[in-house]
Amino acid sequence: MRCAPTAGAALMLCAATAGLLSAQGRPEPPETPRFASWDEVNVLAHGLLQLGHGLREHVERTRGQLGELERRLGACGAACKDPEGSAAPPRAQANLVNPGGGDASPETLRSLKTQLEAQNSRIQQLFQKVAQQQRHLEKQQLRIQNLQSQMDHLAPRHLGHEMAKPARRKRLPKMAQLAGPAHNISRLHRLPRDCQELFEEGERESGLFQIQPQGSPPFLVNCKMTSDGGWTVIQRRQDGSVDFNQPWEAYKDGFGDPQGEFWLGLEKVHHILGDRGSRLAVQLQDWEGNAESLQFPIHLGGEDTAYSLQLTPPVASKLGATTFSPSGLSLPFSTWDQDHDLRGDKNCARSLSGGWWFGTCSHSNLNGQYFHSIPRQRQQRKKGIFWKTWRGRYYPLQATTILVQPTAAS
């Protein structure tokens, strides 16, 4: 009987499967910021399926060979144990398990039986490993189906009614929806870097969009489309639903509801503007229904400069640039826990409220405390939302909006 080749094949199969499972068992490396393409996912899935089918076919062939050996050994054992003496002659018995001729001694039979048991054990192990591999393939298939479902969900369309927009203009209703599909779409389509780029691509409807400035992960912004381009809304005050007396980290990362009151975040604004020429627009509203708008050419520094804001005289307003500070002066951002204002004797953010480019505390503060009516006491009013050169230092405004727009390529 020729068991050695079969045993060798089984051992080789076992080693190959063990190697495969060893590679599979390694911890997955940290997720990188790039997703594999759909073609690469298909190639990987096809390769895994082919490998699983090959393993199964090899095991089935080996099992069939071992089954034949077991049948012959069983027949030989039955003939040797026949009490009536009707067993075949010793040579015929040996030929049952050794068709090539030669004597099969009891030691040979015991050796064959030991080999058969060992190979049966290995076969069982192989079947367990193949079953494990099959489960892994099924999980991979589920992941592929999930990816396909997400791709279908992110087809080029608007949320409600517009079906002909490019996929990278995908709109989402809530900031929380950035997790999951929002990151996937950035791997499938290049997202716009700001609202102005959306405008240049033909978008004319204001609303919530995903953008991805250079060097930044994707995030949700509120875009306002006007006749002179797309503006990114970075702040809105309207009803006092959000507390703006926040620490430095909150002003850095952003807070609030992008469909209501919110602060986008200094780091996000810095990524949007980058080193490009930019302008900042401020929209103000008082309690009598009057409104005013201003625009400033600006440059916003990074965190190493405390997000310093440098501005020059306004380009579209009857109000003076002294609302912020003397023209050309660079003002760092301040909060109650990080004081960067120009006053050496006090912390403007603690004395007033909220975080802002305070300067000397007296020019403006659009992140101050929100009042639903004008307080009678002056000490209270100074903590409110104010713009000194419009409605005065002690008039708390009803609503404000701050927007930014790049004016030149980087």
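A Cβ is built for glycine as well, from the same backbone N, Cα and C atoms used for every other residue.
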Residues flagged as region 'Disordered' in Swiss-Prot, choosing from 81-106, 133-158, 185-210, 237-262: 81-106
Residues flagged as coiled coil in Swiss-Prot, choosing from 107-155, 303-351: 107-155
Cβ atoms near C348 (disulfide bond) (within 10 Å, other residues, all chains): 25
For C195 (disulfide bond), nearby residues of its own chain (Cβ under 8 Å, 6 or more apart in sequence): F209, I211, V221, C223, K224, M225, G230, W231, T232, Q405
Around the Cβ of C223 (disulfide bond), the count of other Cβ atoms that are within 10 Å: 24
CB contacts for C361 (disulfide bond) [other CB atoms within 10 A, all chains]: 20
